[in-house]
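Read the structure below first, then the notes.
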Amino acid sequence: WGCLRLPLPLCHALAAHCRCPASHTLRCREPLTVSSLSALLLGAHRPTDVIIENQALLTSLTRDDTRMLWDLRHLTISNSGLQYISDDAFQDNHRLSHVNLSFNALTSLSWKTFQHLPLQELTLEGNPFNCSCGIRWLQLWQNGSRAELGNQSLLCWEGSMLVALDSHPLHDCEPPTARIEHPDVVLRQGDSVNLTCHIWGEPSATGEWVLPHVGSEPSVTKLSEWELVLEINNISSSLNHKDLTCRAENSVGLAEDSVMLNVTFPPVILLLSEAIPQHFWCIPFSVDSNPTPRILWLFNGSMLPEGPYIHTRIVEYEPNSTVLHGCLQLNRPTHVNNGNYTLVVQNPLGRAARSIQGRFMDNPFSFSPEEPIPVSISPLGTRNSSLEGPVETADEHTFGVSVAVALAVFASLFLSVMLIALNKCGHRSKFGINRSAVLAPEDGLAMSLHFMTLGSSPVSSTESKLDGLKSNFIENPQYFCNACVHHVQRRDIVLKWELGEGAFGKVFLAECSHLLPEQEKTLVAVKALKEVTENARLDFQREAELLTVLQHEHIVKFYGVCTEGDPLIMVFEYMKHGDLNRFLRSHGPDAKILDQGQGQPCGQLTLSHMLQIATQIASGMVYLASLHFVHRDLATRNCLVGHDLVVKIGDFGMSRDIYSTDYYRVGGRTMLPIRWMPPESILYRKFTTESDIWSFGVVLWEIFTYGKQPWYQLSNTEAIECITQGRELERPRTCPSEVYDIMQSCWQREPQQRSIQDIHSRLQALVKTPPIYLDILG
């Protein structure tokens, strides 16, 4: 059989005179062995290339012969007896692009046979065509070099003379024309329309109207050989933006003219679904209207004002349609946004409305944070139950004053006794009393802001078995200068939406009244504690005291706490651009890829911008080092970006949830950011201000790689091996050598050789005179 790589069923199905020299190729060359293509391919696999030559018995080709060749791309029938090809011979061969019909017995050939094909090459040399209107289309194609016909020498018989087709005049053989005479086609739903089509051609042309589904039955009237009138009554909105086409054709070719109807109608709500969580929450809807409708929303029956955080977004326009697909987009909605949402669409012709319930989260409070907190008063006597409220008597007033005075005297005596006792107990320390900060068991990184540890805090296996890790704080006016934690009234806090969630609880964007004297309302980030155990409350209190101490322009500002009821709340300043890692990625060269083409493109950070960011973080680190505070988790994910590229150190405790791949779990609960840790911290769990400097070097590397993960090509175990063996991160392509030298200064093997003051000074110098950097690797 001589078959190579062809599926076995095809080889068995072919006649013995055909060959399959390549996969999916059929070749029949032995003379007088093929009379029908359909019989040859019966029951066979479908080839993509068919080559038939020297077959005088093969005289016709119809749709029945080719209907099973769905994958046919190349067809050759040459040196055969082919005389006739039907108009629909290739109706089912939508991939056919190369046709060779050379040296057959074709005297005529219709353009209709090839009109729907993606034809790249049509070979017709050696056929005895008659010079007639039936091959005028070939002359036009040849003169226009379509389907490679311009490179062929086609001949036709004019009587007994064989002439060149491309230059032979074929009289009275022209393609038809079609023209729709139409009035103003802006119609209202329910109107009627009459359209007249004028057709012409030589030889004479036939005409027809090609219509979409129009609902009511259209009427077509033939006024003459040249005029067709279309009448449609009770126009439907489904005809809006639909084409009505008049088609004329003759033996030379085809002509069409179309008109698009513009049907106006009142708005219709096609879809309104329940809210679905995406990167944001979306209440999806679809509406249809012409003209374009006004879209607005009601929330619990009142007008919903739209802004940057709640707004309507059209996500898709259907081509040649008035249907709009969109959603009401809610960024980080909270329980405040739960309620009834009504979509209202209207245009000059009418109005439509539909409602749906939206529920985004449960109320994290036992009461509405927008309402005043009820204060319960234990009755000291008979209360007035009238609507005017309680009436205070003179006796009650005298009694109240007496109680207040007695309490004040008692408090003074108690404080005096406590001070004497403290002085006696503390005589062994020349600095005074000791204070301890207890971290969560087995998790030195459990606190949301890691300013809990002073100086060095090595973690041993023995200590990990204790109930908590204790570090002694030296009494110093800088640390505990009678720091008074500011208390914020819960009624002054109005939650807007959730920013994120961590192991401790949730962080919300909120609006706080009376927080700053120069502003009536201030946007803040609110951290709500999930646990309400006694240990959690103690940790909350200690953290609040420490955060109150930290006051620096590049440390996230702590405003205070709210302890009225549950949950316990910490209030921080709000940094509008979020964490630095995402900010770097969205302003880097791969921003469009990471965003998947969505959203507005951000400008790419320059060398000057990156140096400014690094210097600000270094400034915050100098401040922490001066207080001997150890951060323990310094990374771009734990820095926040505000207005005008202001960068501050801070961490709301969400990073271990959002950036979980940046942490390595040790034992049961401990999550360590090993890619940012120096060898002494990995090997001995020793965290110092010097270990923070190592982490700062990695932060520099993150900045100059636009937020890439350190050692991103390695697993956590492989990264640990590289760090402990002394390998360093490679210099980023966008990083000048002067900056890489600073990184390497942070990665000195000996901790005492790392100096944050020196690093900060060098960065400040680079900001003033940025290095000239040429990207020779790019």
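Each residue, glycine too, has its Cβ placed from N, Cα and C.
Since this is a predicted model, take the numbers as computed values, not measurements.
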Site from N320, N434 that Swiss-Prot describes as N-linked glycosylation site, others unannotated there | N320
Could you identify, going by Swiss-Prot, the member of C28, C173, C197 that forms a disulphide bond with C133?
-> C173
Among C246, C282, which cysteine is annotated in Swiss-Prot as forming a disulphide with C327?
-> C282
Looking at the glycosylation sites N262, N320, the one with the fewest other Cβ atoms inside 10 Å is N320
Same-chain residues at least 6 beyond the ends of the repeat 'LRR 1' (71-92) with a Cβ under 8 Å from one of its Cβ atoms are 24, 46-63, 65, 98-107, 109-110, 112-114, 116-117
Determine the mean pLDDT over the domain 'Ig-like C2-type 2' (281-347), rounding to the nearest whole number.
-> 90
Taking DSSP H, G, I as helix and E, B as strand, the domain 'LRRCT' (127-175) contains 20 helix, 12 strand, 17 coil
Please report the number of other Cβ atoms within 10 Å of the Cβ of N100 (N-linked glycosylation site).
-> 19
Check N100 (N-linked glycosylation site) against DSSP and tell me helix, strand or coil, would you?
-> strand
Would you kindly give the Cα-Cα distance separating N300 (N-linked glycosylation site) and N262 (N-linked glycosylation site), rounded to the nearest Å?
-> 36
Spatially speaking, which of the glycosylation sites N100, N151, N320 is closest to N340 (N-linked glycosylation site)? Use C-alpha to C-alpha, please.
-> N320
